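So the structure is just underneath, and the comments pick up after that.
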């Protein structure tokens, strides 16, 4: 890592000389989100061609810095933008609710004529024959494809307004968290999965039990991910995707912070938070308390085995297809680190009794979380926690997803919210603690304030199953109160 891994790429964008002052302004994540850009496009304050070209240039620079893109559709996007400008000039009307907004897709979503390789080289050079349902709903004909980890990097560097990814254990929320953007995992079966490249059989998200894998959004603001979720629901995806529940969008807005009651997860006896993560978590609570938001202590059940349960369930799936694909990959450290794939022998087929037992354990955890929520002395609107005990970590050290994967197991919606705060090597010095277990010891050994300096801090807000509209409304209020407006790290 460099001394300031967050700031260095940002400085390159502004100093490389490839973007004009206007292009830097229109693509600046701190100045514009999708909601504000839509208004400016509709009023012709900026043309679709200028905006999309600027984002393509910024995305190209971001790719050179982070290797975040796979399928690059710049020519198609700019051609579509020109057509939109001509239509607006001729008719004085926009085309659809997302007129001119450039967005990106994880490269597991089918886009006709382009690879959906899911990051596997063996799947390259096999173009999709059709579009995924969500692509048709949101984009029509314009978009630039990426991948979930790449989505986070691309959003952070301002190369996209909104990214579409998937989340089976935190794959939307964690890229958002480590890059300082908003990441939203909805309840299962609300957003389309149709047209998404999957690996193996019995995949999470298309079954009636087990951890739920979902389509999710990464964006610049809560109102942006809420807008795209609303538009997706209003398209009635259940009429084309048999796995989507018929759940029309219920508009909900909250205006006064005093009306919000937030539960704060207080029990944690299996892994220690890294010092900056704990500082950010406490700062968020203080900001909410100072704004008049009522905070209620939340005593959750024992979730120490949640991540092991999630991994155990994943191992039950038939991953032979994925093993075969990965056998053709270069045997790099990151491939070797994927222990589920590189085991010498596949797990034996599970018995019906074993699957029933596993499902019973998951059901017990769902019940325990539900009961813990119900035992709070006053009804709460959402639950405040952190997305991980650490910030971003070195490339091959990300091994724990328990704080995010838990909510895939119980199928509750969750939003990762950037605080606008960053690791500060002067105040986030390493603290000696007694590890709860071997895994906690490894996590504590990993932390180094100097190496982690400048990395973004986030919190996670969680709602109950199918209360997505309420969670997003609460998140918009909460985020406005907790996000800092200045870069508080000494560079």
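From the backbone N, Cα and C atoms, a Cβ is placed for every residue, glycine too.
In TrEMBL, annotation is done automatically, which means it is predicted and not curated.
Some features that TrEMBL has for this protein:
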| type | residues | note |
| --- | --- | --- |
| DOMAIN | 51-135 | domain 'Amidase' |
| ACT_SITE | 106 | active site, charge relay system |
| DOMAIN | 145-472 | domain 'Amidase' |
| ACT_SITE | 147 | active site, charge relay system |
| ACT_SITE | 171 | active site, acyl-ester intermediate |
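In three-state terms derived from DSSP, residue 171 (active site, acyl-ester intermediate) belongs to neither a helical nor a strand segment and is classed as coil. For the pair residue 171 (active site, acyl-ester intermediate) and residue 106 (active site, charge relay system), the C-alpha distance works out to 11 angstrom. Secondary structure counts, DSSP: the domain 'Amidase' (51-135) has 40 helix, 10 strand, 35 coil. Averaged across the domain 'Amidase' (51-135), pLDDT for the predicted model comes to 92.
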